[in-house]
Amino acid sequence: MAQETQGAEGTQRLERGEHITREITRIPQRFPPERVWLVCFAASLCLLALFAVSAFVLFRNGVGMWGNNIPVNWGLAISNYIFFVGIGHAGTLISAMLLILNEHWRNALNRFAEAMTLVAVICAGLYPILHLGRYWRFYWMAPYPNTMDLWPQFKSPLTWDFFAVLTYLIVSLLFWYIGIVPDLATMRDRSKKRRGQVLYGIFALGWRGSARHWQRWNQAYRVTAAIAVPLVVSVHSEISLLFAAGPIAGWTSTVFPPYFVMGAAFSGFAVVSMIAIVLRHAFGLHDVVTDRHLDLLAKLLLACGLMTSFGYVAEAFDALYSGEDYDVQTLVDRLSGQYAWSYWGAVILNFVPLQLLWWKAVRQKPVVLFVVGGCVVVGMWLERYMLLVTTLYRDYLVSSYGEYHASFWEWSLFAGMLGVFFTPFLLFVRYLPMISAFEIKEALFEDRGERKGKAGGASVHA
Amino acid sequence: MQHVPPVTPVQKKQAAPRSVLQDFAEERSMIARLSAEFPALAPDATGINRRSLLKAMGASLALAGVAGCTSQADETAMPYVEQPEGETPGIARWYATATSFAGYAQPVFGKTYSGRPVKLEGNARDQATRGAIDPFTQAALLGLYDPHRSQAPRYLGQPGSWTRWERWSVEEAARLDRNGGNGLRFLTGRVTSPTLRRQMANLLQRWPNARWHTHEPFSADEAHDATSAVFGRPLDRHLRPDRADVIVALDDDFLGPGPWQVRHARDWSDKRRAMQQGQGESWMAVAEPLPTLTGVTATQRLIAHHDKVALLVRGLAARLGLVESPPILEGQEAAWLDEVHARLQASRGTSLVLVGHTQPTEVQALGLLINEALGNWGRTISFRTPVAALAPEGNRSLQVLVEEMLQGRVSTLVMLDTDPLATTPAALEFGAALANVEAAVHAGLYADETAALSHWHLPIEHPLESWTDLRAPDGTVTVVQPLVKPFWSVRSQHEILDNLAGHQNTLAGHQNTPARAIVQQSWRADWGVNFEERWAQALLDGFVDDTAEPTVVPAVQSRAAASTAEAAEPAFASGLTLLVRPDPTIWDGRYSEIAWLQELPKPITKITWGNAVLVSPALAADRGLANEDAVEVLVDGRSLRGPVWIVPGQDPATVVIFAGGGRSGGLAEGYGIDPMQLLPANGKTVVSGVELRPTGEQMPVATTQPHHAMHGHDFVRSVKREDLPDLEPMLEEHPSFYPEPDWSSPSWGMAIDLDVCIGCNACVIACQSENNIPVVGKELVAQGREMHWLRVDHYHEGPVQEPDMAFQPVPCMHCEQAPCEMGCPVNAAVHSYDGLNLQVYNRCIGTRTCSSFCPYKVRRFNWFDFTQEDPESLQAMRNPEVTVRQRGVMEKCTYCIQRIANTRIEAQKEGRPIADGEVVTACQAACPTTAITFGNVLDPDTVVSRQKAQARNYALLGELNTRPRTTYLAKISDRAEPAPPSEIKS
């Protein structure tokens, strides 16, 4: 009897697994919303072209094409850099941290979240190079043997930024790639066309699904995850030092590292939620990315948002508690100065819509969650902008007060950077399994086992 | 002996005279005896010595290398076949000469490399300036190289030639000979040159019907009327601020820009420094309608309308018993006057009362009599025969000329180095009058507005490339020698006058430098047999000894001023009063083509590239105006549109516009507004009954410092004079986590004494010229991208209507614990063993972290390539010892590291330590008040260490613990009543 049931359950499970595999792998093969995708892809290619033009203009003429000046040496480039690295962190948190914590619900989200991380880090990494006065010398930040016998200056937060972003890029790439290998093998096996078989086959690295493969894979995947998780904290803490290490009032605060990491996770979860909602809607993946997933994402968003808001309070408290003239003055400038719109924009967009997520019914409404996520993305962008500009435009000496207005070419580069973000991401959605099929199957199996175990345990006790 | 060396270099250190022994050793007989005695020392008979052997070896090695490579010399390159005598490439030569500022000599040392002048510094041997120099004089260098200068003669607007000009002038001279010079008129600026005066005298003698008119904008020659009223003849005044314990300047900016500035500032700072050491007083009160350098520096500043100043003069005269009925003055003004009077009474004979030249003649005359009553004549103020040539019609000279031109009585008008069309009131209609002249000849540096309307335009030599002579304001003569041969087809003014006399340059006796021959002729008679010697000495020194005009105090002819001043009760005009003043950076517009001066921030407003309609905060509030709002300024039907700029500390009923803006053509085109459109035909620069009409539009103004209110911070500190003896040291020591570096001696540092800084900008231009600092233009200045390594901040504090003001020069602080160095990822910002914060340009990749982290924001970034497209002539002007920076790198003040390195090399060659005062930074060298001191801070006996040891030495933003090497000495306040409470006002 029991065997029979088990056999029936096994068949059911196999069927269910096969269904999921089919559902996910059919997307790259017979892409259902081809037309919508083409329109999106064409738009992002246009943005990519805009990026190329903006970068060309910048490289040809110099950073003077932007609105930067003395005192506001940094502008959109650096605030966007922080913003993009920040949203990337959510992908790592979802896939690596939840993997280690054995939270199975991550499996529906991790693949595209990681892909998002990867493109976000690429965007972020481009910005510091674009912003250099002599971009053609960017590699001088790297420690490489050279005839001048010079090393980077290890006290500089920028040197560590360089290491941090590069490390993060490599680890994210590895983690994403290791994770996708079994599914690439599935794609190879299911491809009807020769080209697909060859291409997927090359990148599947000869995966046959043997037990030894799985064992090695498991080791590699979990070790990489274990490396990636602390990176989230260290990378963004490091990036916060770009501000906090300087002696400028409004920057030089110990609140910055946790404040930045929280903000990063917050903005990242917002982006992941938005992407999840769009993909689920576009490809009808309601049974894979379920309402429960949205609920959990919304909870994470709420938690990070509240911690970020605590950061705002801590920052203001810090300034007032210190009583330092310049700190208080920077706070006043933020609250009521020329760029107060960026402060209040950040605070309101990051805090107010978020409060809707206290209600479960709201959390499970994709449209509402999408709008809240959008608010948070804009709010966090404003926060990065605010932290940079409101600090620099009035620092110490009254005589060096200035203003900053981003120029056309700065905005166009920002728009173009969205092309850099979306073009590879759309290609990923189109040609690769964007949800981890095998991990969902694994989760299904394990969940069932757990539930069964629990149920059994309960009955024993009963 | 006819031969005179073309130019006599002045080595900074005199070369050791060739020893007699050396000459002796080379004598033929000596060589013979030497070889007999010491064969080893005798020159080798075969002609091969060690040196030629090495040469030959070097050549063969080089030839061996040739076989291995195919590179060839550039065929267009010219090898230095014969090195000119005394010329070592890379070693600077210095020439003493002078430039002209408003006709007066400004003595300079010109630094040249291989014949290229690269820097002008003050003449350290000149007793009046003692090595100091003003911004205008330094920027004359850029004027020399200016590619926009007129480069060839023009006739009727078409390119002409000098031969054609000579043909014309010979014919003209013949014609004038026939009618005794009928209808010939000369128009010049202020002329002090003895040679030019001699030439003019000869011409006027030859053509008795010719006339000479002068037109010098903002000449201050109105003061001559006052001396005429008192002494019966025009006299220049000679001030001795170094002897004055108390100075009262009534609308007289004697420390402000002008040909006298350096001299007055030098003397005033001497007195101020003596006061700091407890010797005597240095108290100054100023009453003025707009903030000036003198006003900012003053102990007590009273804001007074132009007409009110006259009342104050009379009030002071009444208190001294010179005038019967005192004017009614109340409140603040009476209190101010009481204090001034008390101070003056206490310092009889050591005080100085100055009345500005724009005041009515009788008021100025009364000012002279006040000095007499105080016993100041012959002590702090004396007089001298005017140094410049005076036109018989005095200040009406130009008007008389224009009347004659309009009447058609002028057939030939020769305008020498003057641009009357741009610098005379539009109401005078000089242009229309010029059209009435049969032949107008214009000789000037630029093909300007006047040139365009003249028949002949003749380009003249810049003073730095010509032979001439000029007199300083005290009369001291400088024989001006060229630093370089003229770049273009230009002639000196002397040659042009000589041509007018019917001589041709190419004729015999004139050789290649007719100007030198003409100048020499002026002095040959005077100097007689000693001519050659004295000529050489004059060129070496840069001035002729004992040529200063003696000072006198003539007998008083009339004291009527006392009574007439009383009669002339100023009728307070309704409405606003317009004051047109010379621009603090481009003067009357004659320097508007010089980009350094256009980009030099005006001392009070920090406006660059143009001027504005300056109004007080009260007037702006009343009319609802904000900075950059365009207004229509209306006077008697004349109008001018310009942007408003609010100036705290200006009189509410006064509108000020600086001259020199709104030029057409050239570099200056489109920058600023031209107040000459508003002035009446008589050229009076004080106009009442002015209206302002807002237009509702905006006109952009580029300023380097948008905010001036100190907001209660202590950037500029001041201490009470009575607290000075027991003052606790203001420099605070804070603990630090960083280990104390082990500095090697010398370790460099700077101290800037804010108590004597007058904000004159001399240091800013000195730095720009020394360090090849690019000019970026109005748009980039407006975006906050100016490149000055040294800026002079201007602050005000207290009520915005009557604030306290102060200047603060800010170079790099060279922090011992510099945040910039920590921020740089590529080791471009590093610290040197001798205490300098270095910026390694070729290491910099332009992350700008250093500037973000810099609390003083003294770093400057090359946002674009500012240097690559410089015209070739400007490239020749660059200091070869300072790297020209590429696009995308950060730069900043280096403490003139090239000067430090040069001195160090010299000291090491001579095997001695660097002496104190041996390294002089460019800013320090230029400073007229010696506010800047520089040297080794590890040695307690250096001047800079002694300055830093003073209790009033403090660090800017010392609480950040960056430990700046540049520190400031607090101002000393000597005010009787407590300073007004410092309120936060913006």
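Here, residue 1 is simply the first one shown, and the rest follow in order.
Every residue, even glycine, has its Cβ placed from backbone N, Cα and C.
TrEMBL: automatically predicted annotations, no manual curation.
Here is what TrEMBL says about this protein:
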type: TRANSMEM; residues: A:36-58; note: transmembrane segment
type: TRANSMEM; residues: A:78-100; note: transmembrane segment
type: TRANSMEM; residues: A:112-130; note: transmembrane segment
type: TRANSMEM; residues: A:162-185; note: transmembrane segment
type: TRANSMEM; residues: A:220-244; note: transmembrane segment
type: TRANSMEM; residues: A:256-279; note: transmembrane segment
type: TRANSMEM; residues: A:300-321; note: transmembrane segment
type: TRANSMEM; residues: A:341-359; note: transmembrane segment
type: TRANSMEM; residues: A:366-388; note: transmembrane segment
type: TRANSMEM; residues: A:408-432; note: transmembrane segment
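Two recorded stretches are said to be in contact when at least 3 C-beta pairs lie under 8 angstroms, sequence spacing 6 or more; the transmembrane segment (A:366-388) and the transmembrane segment (A:408-432) fall short of this definition. Contact check: the transmembrane segment (A:408-432) against the transmembrane segment (A:36-58) gives at least three Cβ pairs closer than 8 Å, residues 6 or more apart, which meets the contact criterion. Same-chain residues lying 6+ beyond the ends of the transmembrane segment (A:78-100) with a Cβ under 8 Å from its Cβ atoms: 106, 109-111, 113-118, 120-121, 123-124, 127-128, 131, 165, 168, 172, 175, 179, 221-222, 224-226, 228-229, 231-232, 235-236, 239, 242, 260-261, 263-265, 267-272, 377, 380-381, 384-385, 387-389, 414, 417, 421. Beyond the ends of the transmembrane segment (A:256-279), by six or more residues, the same chain brings 82-83, 85-91, 93-94, 109, 112-113, 116-117, 120, 232-233, 236-237, 239-241, 243-244, 285, 289, 293-294, 297-298, 300-301, 304-305, 307-308, 311, 314-315, 350, 366, 369-370, 372-374, 376-377, 380-381, 383-384, 429, 434 to within a C-beta distance below 8 angstroms of the stretch. Counting Cβ pairs under 8 Å to the transmembrane segment (A:112-130), the top-ranked stretch among A:162-185, A:220-244, A:341-359 is A:162-185.
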